[in-house]
Amino acid sequence: MSKVLQCCQLSKSYIQGDIETKVLNDLELSVDKGELLAVVGSSGCGKSTFLHLAGALDSPSSGKVLINNIDIHQLSDKERAKFRNEHIGFIYQFHHLMMEFNAQENVAMPLMIRGEKPKDALLAAKEMLDQVGLSHRIDYRPSQLSGGERQRVAIARALVTKPSLVLADEPTGNLDSDTAEQIYQLIRSLNKTAQTSFVIVTHDLVLANRMDRQVKLVQGQLRPLSDNSEQALPPTSSITDPANNIKDNEPQANERHV
């Protein structure tokens, strides 16, 4: 089976003054086409750093990241931005939708950034919103949508470019259990339909154990998650929101622009 993502001896260190902190240490990973991979780990273990490197948002101290056999960190900044747009989708715990645009316009944005005609981009966005069950909400702005609906818009935006790899950071972490289940079923359905690979960072081991494979980030390296009886890990403070457990039928009207 073809490999969508390969991390080879991937290391990342941060230096502050005379202190060097090694976050990732010769990390190795291989993700197959169409695979659903869960990454878990304790707070501050480097999961966000890993996602940034895998998504070409940051550069490693050493090692390689290959997506579809392309060494993404050998590309120029312009080439890397183009590659991200064409091959990688991103889903976050907080949707990061543009509040001044409606759902269809938000989903169409990556295609318009790519240079596609607005008419074609909006049509593709409409079709994608239909796939995630939101064709009746295309004219709604984020402030008019519930938490679950906004996350579905974010998923549609991540997939509208037909990426081979989607990187998701706590995609259900800010949702109640019923809405989280809907999002999981949506991800599983889209994964099956398009054979898109997903790498999902989560603290929820119940969700993680429903993926095809689970790994745990420990001491800068990824290891198989062998103990499926573990309880959910505590959330990372930097991504924890006080308005947790947003219900799917509760619109959030007072969101800030992002």
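Cβ atoms are placed via backbone N, Cα and C, with glycine included.
Residues annotated as domain 'ABC transporter' in Swiss-Prot, with sequence analysis given as evidence: 5-244. Here Swiss-Prot flags Gly41, Ser42, Ser43, Gly44, Cys45, Gly46, Lys47, Ser48 as ATP binding site, drawing on sequence analysis. Under the heading region 'Disordered', Swiss-Prot lists 222-258. Summarising the annotation, Swiss-Prot assigns compositional bias 'Polar residues' to 226-243. What Swiss-Prot lists as compositional bias 'Basic and acidic residues' is 247-258.
DSSP assigns Ser42 (ATP binding site) to coil in the three-state reduction, placing it in neither a helix nor a strand. Mean pLDDT across the domain 'ABC transporter' (5-244) comes to 86 in this model. Of the listed binding-site residues, namely Gly41, Gly44, Gly46, the sparsest CB environment within 10 A is found at Gly44. For Ser48 (ATP binding site), the Cβ neighbour count at a 10 Å cut-off comes to 18, with all displayed protein chains included.
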